[in-house]
Amino acid sequence: MSGARLPGAPTREDRIVLHVDMDCFYAACERRRDPDLEGEPVVVGMGYESGESHGAVATASYEAREYGVESAQAISQALDLLPRTRDDDGPVGHYRQVDMAHYETVSQEVKAVLCEVADTVRAVSIDEAYLDVTDRLGWTGAAVFARNLKAQIREEAGVPASIGVAPNMSTAKVASDYDKPDGVVVVPPDDVRSFLAPLSLEELHGIGPVTARALRSMGIETIGDLASADRGRLVDQFGERGREIHDHARGHDDREVEPVGQPKSLSNESAFTEPTDDADRIADRLVTLAEEVTTRASTREILYKTIGIKVVTPPFDVHTRARSLSGPVDDAALVETIALDLIEEFEEQAIRKLGVRVSNLAFVEEDQSSLDEWNRNCSNDQQTNEPEANARSDVASNDERERQTSVFEFT
Ligand code: DCP
Ligand code: MG
């Protein structure tokens, strides 16, 4: 916690923290499955069908935001600003109902990409996560890394993101918001204070309208003003939170990027560079994925009761199938058999991506420390998988660039 930092103690400015926040996330998920919505004003919410009158906007695409539509607005107001139909040639909005199951699926795919590229990933909501990549690169490579990650998320999960890079979580979050949508903003340690100083108070996470009003009444207008404000006065007014916002305004935030929770499932996914309907190739890939998942489960003494597959067909249609057993098992051969059985339904269909998942987990040895260690290191699992991934690329055709992903779900 920033409050625990001793006066004068060095901040950990050697860290490289990314904050990834998806752009107009629910609207982007709707576009992923309906590409005709690309470039159109899209509003996702509830209560806009005829006969309904109550409901709110969950999010709006940036095109819809130009007409004043925004999150949490009453749907009736959104419909006034951007009607669904009209007689003249004025703008019309494309409205979609909230579909959480779909957004959760896309979110898992985004997080799979993040686990692929970072040593430490902490998902904090359905559409945002912090990554600590200190051990992977230096500041000179940070911008290229973030741009590549943004492109990889777009390619593998089919949705746009904005990314902020900074030496701490709080500044990285401000940075990801700075150039939305589709932005990458890198703030190296020496630039943190000058980057934050001119910004308005509400840009800092944790300062809402009420706190901002109270700060303004104290003559504090910008983050720079807050950084140079008297600390004692802020603590008198806001208690512990005053200390925290003062630290964050000065670019100090010692919170570690730490994953939380136990996995709900274990899965491995793998994308074909080009969709394929080659049954042998699909079966081979599925068997490899099943082996990888069961090896991870048995190494960690984890039993599973449900065995499932995920099949992504073009453009990004996600199909999941699963079968539950009467009790938890650790049985690699059974996972393979069930996975091959479940894939039969997709015979002759072109497949873009495959996954095997075991869920309904039971932990033989409730060893929290080893689970924590495991959660902390998505990438170590990645390394464990590398020999198999390499072996597979030997048999893949030369022009194919295949990707392997370990997926974690957190409770
Ligand atoms: N959300 C919601 N109701 C709100 C705010 C958000 O249902 N009042 C949902 C819809 C958003 C998602 O959470 O798509 C993520 O929230 P964000 O604040 O990150 O907003 P967006 O991703 O939509 O837009 P941005 O591009 O500004 O991040
Ligand atoms: Mg977002």
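Every residue, even glycine, has its Cβ placed from backbone N, Cα and C.
Note that the coordinates shown come from a computational prediction; the quantities given were computed from them, not determined experimentally.
What TrEMBL lists as domain 'UmuC' is 17-208. Sequence annotations record features per position, and here TrEMBL assigns Mg(2+) binding site to D21, D127. The feature site 'Substrate discrimination' is assigned by TrEMBL to Y26. For 245-275, 372-411, the entry in TrEMBL reads region 'Disordered'. Per TrEMBL, the feature compositional bias 'Polar residues' maps to 264-273, 376-387.
Sequence features, as recorded in TrEMBL, placed on the structure.
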residue: D21; record: Mg(2+) binding site; DSSP (3 states): strand
residue: Y26; record: site 'Substrate discrimination'; DSSP (3 states): helix
residue: D127; record: Mg(2+) binding site; DSSP (3 states): coil
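In this structure, the CA atom of D127 (Mg(2+) binding site) is 9 Å away from the CA atom of Y26 (site 'Substrate discrimination').
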